[in-house]
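**Q** Below is the structure I would like to discuss, written out as C-alpha cells.
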Amino acid sequence: LKCHNTQLPFIYKTCPEGKNLCFKATLKKFPLKFPFKRGCADNCPKNSALLKYVCCSTDKCN
C-alpha cells in the first residue's frame, strides 16, 4: 500500500507490513479542508476535539 505522508499530494511512501490503511487528518475548525497530517496506520485513528480522521485502503487515496 502506498500512502501520502506529507501535506504535499505528490509525495508518498510504501507502508510497512501490517499497516493496511492510509489516513488523512484535517482540522475540524479550519474552513479549508487542507490535510494536517497523512500517513499509514494499522487502525483508523479516532477523531479528537481538533482533528477529523478519514481512512481508506487503496494506493494514494489519502
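Glycine too: its Cβ is placed from the backbone N, Cα and C atoms.
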**Q** Going by the disulfide annotation in Swiss-Prot, which one of C44, C61 is bonded to C55?
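**A** So the cysteine that Swiss-Prot bonds to C55 would be C44.
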**Q** Between C40, C56, work out which one Swiss-Prot annotates as bonded to C61 by a disulfide.
**A** C56
**Q** Pick from C3, C15: which one does Swiss-Prot say forms the disulfide with C22?
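**A** Going by Swiss-Prot, C22 is disulfide-bonded to C3.
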**Q** Enumerate same-chain residues with a sequence separation of six or more from C15 (disulfide bond) and a Cβ-Cβ distance below 8 A; give 'none' if the list is empty.
**A** L1, K2, C3, C22, C40
**Q** Could you tally the C-beta atoms, other than its own, that fall within 10 angstroms of the C-beta of C40 (disulfide bond)?
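**A** So the Cβ neighbour count for C40 (disulfide bond) comes to 21.
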